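Annotation source TrEMBL lists transmembrane segment at 18-41, 47-64, 121-151, 171-193. Annotation source TrEMBL lists domain 'Palmitoyltransferase DHHC' at 90-194.
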Amino acid sequence: MGALYVHSRPRQKNRSPFFFSWTLSSGVWMFIIYEIAVLRLLEITQLENFAFLLLLTCTCYSFYKMKAIADFELAIGSSKGKEYSPVLTSDSQYCQICQIEVNDRFFHSIWWDCCVLRQNYLYFLTGLVFATATILFANNLALTTVCQPFLLYGVILLPENCKDVYFEFQLAISFVSCTYGLGYLCIIALVLIRQLFVYIPKFIAPDLRKLVNIDV
């Protein structure tokens, strides 16, 4: 429902922290449930937990840098409006949500309540990749803990029978948190697919043009 609202909402509105707060609160609650409910079952090794924390740290750092750069670009002007631009270039575009003209703008991310520009796009893309890896890894650890797993290949386990989650609250809330995480993962996957076909070619186009000019 939230994704449909984001897709259909009017595009000419001021910035709203609603979806940004939703993203942060979702991540915090899933982390708390993982640390309190899943780790208490004592089936996850220290190495697996360290790998999860490392992926989570990389995800948080990437998105923090992305938002910090975007907020800096937004704050360097004293007024907002179509007449304002930090540096007037041919790549300047007006963001109807931020109500400011910014340089090298790709799109506005409602989930992070900021513009994604050329300056912070690499952090945004890296954050998406790390977020995908973090959710997949954490969900697999949690589901193979609360459910009966089977050996897929080598040391890789996958959940098979989850009937026990109906009889114990701790297992049930962990299972629901994993389901919610998989829903978020679907949204991230759609965003990644869009980046692959739309914005990654736009991001690397200047470098390709320079390479072609050098070869010529």
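Yeah, the Cβs are placed from backbone N, Cα and C, and that goes for glycine too.
Because the structure is a prediction, the values reported are computed rather than measured.
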Against which stretches of its own chain does the transmembrane segment (121-151) lie, if we need a Cβ under 8 Å and a gap of at least six residues from its ends?
30, 34, 38, 41, 43-44, 48, 51-52, 55-56, 58-59, 62-63, 65-66, 69, 106, 109, 112, 157-162, 164-165, 171, 174-175, 177-178, 181-182, 184-185, 188-189, 191-192, 195, 199-200, 203
If we skip the immediate neighbours and take only residues 6+ beyond the ends of the transmembrane segment (171-193), which ones have a Cβ under 8 Å from one of its Cβ atoms?
3, 26, 29-30, 33-34, 37-38, 128-129, 131-132, 135-136, 138-139, 142-143, 145-147, 162, 164-165
Per-state residue totals over the domain 'Palmitoyltransferase DHHC' (90-194) - DSSP helix, strand, coil:
56 helix, 29 strand, 20 coil
Across the domain 'Palmitoyltransferase DHHC' (90-194), what does the pLDDT come to on average, as a whole number?
84
